[in-house]
Amino acid sequence: MVPTEHEKDPAFWHSWAQRTLRTALSLQDLNKNIAKNLILFLGDGMGVSTVTAARILKGQLNRQSGEETELEMDKFPYVALAKTYNTDSQVADSAGTATAFLCGVKANWGTVGVNAAAVRNQCNTTTGNEVTSILKWAKDAGKSVGIVTTTRLNHATPSAAYAHSVSRDWFSDADMPREALQAGCKDIARQLFENIPDINVIMGGGRRYMLPKNTSDVEYPNEAKHQGTRLDGRDLLEEWQMKMRHERGVYVWNRRDLLALNPNNVDYLLGLFEPSDMTYDLERDKESDPSLTEMVDMAIKVLRKNPRGFYLLVEGGRIDHGHHEGKAKQALHEAVEMDRAIGRAGLLTSEWDTLTVVTADHSHVFNFGGYTMRGTSIFGLAPMLSDIDHKPFTSIVYGNGPGYKVVNGTRENVSTIDFYNDNYQAQAAVPLSLETHGGEDVAVFAKGPMAHLLHGVHEQNYIPHVMAYAPCSFPPPTSRSYTLCLNLLFTFQITIAEEFSYLNHWHENERSSQSM
């Protein structure tokens, strides 16, 4: 693609930059409102290179060259970087990072909802080392809360919102060692329903972990691999429905039933749309499986009825899975779909009273390069051959992963295969059955009240502290934050009536916490 006529004119670039400058100057008037609502969008594995590639893909799906396109998250006025390491690992996993950006403390690799004193897989190190999440803080303050994910609901990221487990892999009791069960540790699926029993919205995959062993799945009744796994004989779905039958609670397992709901008649919503993780968006059955955008739409409509506001965690979880499998096309389409969901959330809320944060837990060893020309398909070839083996190569490559292939003693010639296929595994430098995470910082995008507090380079566990501070209506984890919020109320000259309302709420929570 050659530059357009207006791109050849310096005035075009000067004018664009001046508009951006005026927008930046307007940000000097900081949004210091009290945040009523809090939304965290978490792109699992969505490193900066993934963000850039998704931006290009989004544009190219709209018949543009792509590079100049804006993602919804690109429009957020504040951007920071978060350091993702775990307390015991330079390159993080999703469990320890989820504990950081949800519970406010860094943790060990493979553990969720526990601090760094807990040792992975050692059940007896759980008790006394539990840490609670911002979802629980918000619920305790009277807000409605929700979790929406494209993975199973007991996967690493969502589980840190409600569970305390020294192993992210204890999905159901069938996945736990006998010693851990005998010692009293609980599987993560069970904790979803017991630890915070009144979560208002729960949507994603994971039916099989909620059902007794060998129970047929409602959607795939003849497929043994989708049967229930629980050894304790409990049907957690039936238990939830019985509990919520007089609480305007609804359970759905398919898109049709979800979209038929009137959110004004629903206070509790449980949606489990697959036995395990939800399918990739490119492979989604549009009759039975809702998109992430559709789930977010319904979640916000249910949650926003609460006059005290809401907290919503949204995970685009299969970005990560696509990268692990070396399937860049799947990963990037997942990222584009999450961006659509971000846009939908923006239409349903107001920047005036809703703090929205978009970030990732970690990155991947994914990149693209090769001096491709403007407008080249993000999945296309570099415009040159290798000067070593004289073969073509795609712009997208991985540092390691299943895409490493040798044919007749040399690198595979990609021109002989369909590298535009949805499941094409991009070439990798080092052979691994699954590609690994990357260790660099990830971006944090923010808009709404107190979004300006996310700036510069931060530890990842700083994020929930900002999000807890912004509403100034529920106790953050420290008394220092309590004092800061009190100062905030006076600084912004809230009316006497509003001030007393907030102070009374704080004192009630302080008294209840002291009595525990």
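Including glycine, each Cβ sits where the backbone N, Cα and C put it.
Curation plays no part in TrEMBL annotations; they are all automatic predictions.
Residues annotated as Mg(2+) binding site in TrEMBL: ASP44, HIS155, THR157, GLU315. Residues annotated as Zn(2+) binding site in TrEMBL: ASP44, ASP320, HIS324, ASP361, HIS362, HIS437. What TrEMBL records for SER94 is active site, phosphoserine intermediate.
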Notebook entry, point to check: Expressed to the nearest Å, what is the distance separating HIS362 (Zn(2+) binding site) and ASP44 (Mg(2+) binding site) at their Cα atoms?
Noted result: 7
Check: Out of HIS155, THR157, ASP320, HIS437, the binding-site residues in the record, which is closest to SER94 (active site, phosphoserine intermediate) when you go by Cα distance?
Finding: THR157
Next item on the list: Quick one: of the binding-site residues HIS324, ASP361, HIS437, which has its CA closest to the CA of GLU315 (Mg(2+) binding site)?
Entry: ASP361
Notebook entry, point to check: Just the number: how many Å between the Cα atoms of HIS155 (Mg(2+) binding site) and ASP320 (Zn(2+) binding site)?
Noted result: 12
Check: For ASP44 (Mg(2+) binding site), what residues in its own chain, 6 or more apart in sequence, show a Cβ-Cβ distance under 8 Å?
Finding: SER94, THR151, THR157, GLU315, GLY316, GLY317, ARG318, ILE319, ASP320, ALA360, ASP361
Margin query: Please list, in sequence order, the residues in the chain of HIS437 (Zn(2+) binding site) that are at least six apart in sequence and whose C-beta is under 8 Å away from its C-beta.
Written below: GLY45, VAL91, ALA92, ASP93, HIS362, SER363, HIS364, VAL365
Check: When you measure from the Cβ of GLU315 (Mg(2+) binding site), how many other Cβ atoms are you left with inside 10 Å?
Finding: 29
